[in-house]
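Trainee: What follows is a structure written as structure tokens; I'll ask about it next.
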Amino acid sequence: MTVLCVTGTCTGVGKTVVTAALASQANQAGIDVVVCKPVQTGTGIGDDDLAEIGRLSGVTELVGLARYPLPMAPVAAAEQAGQPLPSRDQLVQHIRGLDRPGRLTLVEGAGGLLVELADSGGTLRDLAVDLGAAMLVVVAAGLGTLNHTALTLEALAAQKVSCAGLVLGSWPAHPGLVESSNRDALARLAPMRAVLSAGAAQLSVADFAVMSAGAFDREWVATLVG
């Protein structure tokens, strides 16, 4: 299987724009790409990460499983909606059904690594274990990011989930000493796969495609497809 999971050190670090950029670059390279967001919350206020990924990346195969109207953590959103979360097995089988030889299947989580996506407490880390998938970690640039990133990497290592690298999801136009120092320190924790400029999601579709084409190392992207 060629499944890559995408998580963040917390919510709001740029998982969706990073997923879109990687999908766009792979798509432009002629790779068959599908993007899965198994659990989406906030649909009642217009949050639709899959639609945003499709708009920015040009990828047309966009797959979700569970959607809840309130912008809350999945467990709370499901409770408020009076609907169950999917089971861990349902999520795993759903994702496995998308994958095939020569295809890159990107799976974006909700919030951070250990946010519950399935009933009985299943998380994106659990899905990665079941799928044998690596995890790409989207990180912030500012204060606190080193601790958040180290904790995320430690949680991955505890379950022997491979870290595919880090991505800075929103690099400021005018970075200060803190951001520059953090960038260097983050690169010592795990390979830095890409650095996306703040505001990338506001680019036109054409400009986003240009940006994405060179965002990640092409040779690394090619290795993602089995």
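Any Cβ shown, glycine's included, is placed from N, Cα and C.
Below are the features listed in Swiss-Prot for this protein:
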type	residues	note
ACT_SITE	Lys37	active site
BINDING	Gly12, Val13, Gly14, Lys15, Thr16, Val17, Asp49, Glu108, Gly109, Ala110, Gly111, Gly169, Ser170	ATP binding site
BINDING	Thr16, Asp49, Glu108	Mg(2+) binding site
BINDING	Thr41	substrate binding site
Trainee: Tell me which of the binding-site residues Gly12, Gly14, Gly109, Gly111 sits in the most Cβ-dense spot, judged by other Cβ atoms within 10 Å.
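Mentor: Counting Cβ neighbours within 10 Å, the top one is Gly109.
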Trainee: Looking at the recorded positions Lys37, Thr41, Glu108, which has the shortest Cα distance to Gly14 (ATP binding site)?
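Mentor: Minimum Cα distance from Gly14 (ATP binding site) across Lys37, Thr41, Glu108 lands on Glu108.
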Trainee: Starting from the Mg(2+) site formed by Thr16, Asp49, Glu108, give every other residue of that chain whose CB sits within 8 Å of the mean position of their CB atoms, in sequence order.
Mentor: Val6, Lys15, Thr19, Ala20, Val35, Lys37, Leu50, Glu52, Ile53
Trainee: If you count other Cβ atoms within 10 Å of each one's Cβ, which of the binding-site residues Asp49, Glu108 has the most?
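Mentor: Neighbour-count leader: Glu108.
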Trainee: Which binding-site residues (Gly12, Asp49, Glu108, Gly109, Gly111) fall within 10 Å of the residue listed as 'active site' by Cα distance?
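Mentor: Taking Gly12, Asp49, Glu108, Gly109, Gly111 one by one, the ones whose Cα falls within 10 Å of the residue listed as 'active site' are Asp49, Glu108, Gly109.
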Trainee: Quick one: give me the count of other CB atoms within 10 A of the CB of Thr16 (ATP binding site).
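Mentor: There are 23 such Cβ atoms around Thr16 (ATP binding site).
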Trainee: Same chain only, sequence gap of 6 or more: which residues have a CB within under 8 Å of the CB of Ser170 (ATP binding site)?
Mentor: Val13, Gly14, Val17, Ala140, Ala141, Leu196, Ser197, Ala198, Gly199, Ala200
Trainee: What is the separation, in Å, between the Cα atoms of Gly109 (ATP binding site) and Thr41 (substrate binding site)?
Mentor: 11
Trainee: To the nearest whole angstrom, what is the C-alpha distance linking Thr41 (substrate binding site) and Asp49 (ATP binding site)?
Mentor: 9
Trainee: If I take the alpha carbons of Glu108 (Mg(2+) binding site) and Asp49 (ATP binding site), what is the distance between them in whole Å?
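Mentor: Here the two Cα atoms lie 9 Å apart.
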Trainee: Looking only at Cβ atoms, how many others are within 10 Å of the one on Thr41 (substrate binding site)?
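Mentor: Taking all protein chains shown, Thr41 (substrate binding site) has 25 Cβ neighbours within 10 Å.
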Trainee: Where does Asp49 (ATP binding site) sit by DSSP, helix, strand or coil?
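Mentor: For Asp49 (ATP binding site) - judged by DSSP and reduced to three states - the answer is helix.
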